[in-house]
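Notes follow the structure.
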Amino acid sequence: MPFWDLQRQLGIDVDRWLLRQSMSQPYGKAAACHAFEREWVECGHGLGQTRARRECQPEYEDFMECMHRTKLAVRLRTILEQRDKMIKEGKYTLPDYHKGKEEPRP
């Protein structure tokens, strides 16, 4: 067949987004979120799409958090807002190395 494995021959990977963490990785090491993706796939295997969405929601949320770090970004934003509020109230002062006043290095 002339079109057998056309993606590999052309050097493109159209469906890379499907299993982003499970594809071959450099140096043969597993990707950072591979374990979360594997749990999600194993949970939904054989259930059907509708039932898997309902029953595997915690695994999917863990996988998406590992991929996109949305909860981490919200938490960091909250911490920085609290820090700025404390600075305005005068309850906290930045260390010298955050003000650009650190000692010169040799």
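Placed from the backbone N, Cα and C atoms, the Cβ positions cover glycine too.
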Per TrEMBL, the disulfide partner of CYS56, chosen from CYS43, CYS66: CYS43
To see if you understand the setup: which same-chain residues, six or more apart in sequence, place their Cβ under 8 Å from that of CYS66 (disulfide bond)? ALA32, CYS33, PHE36
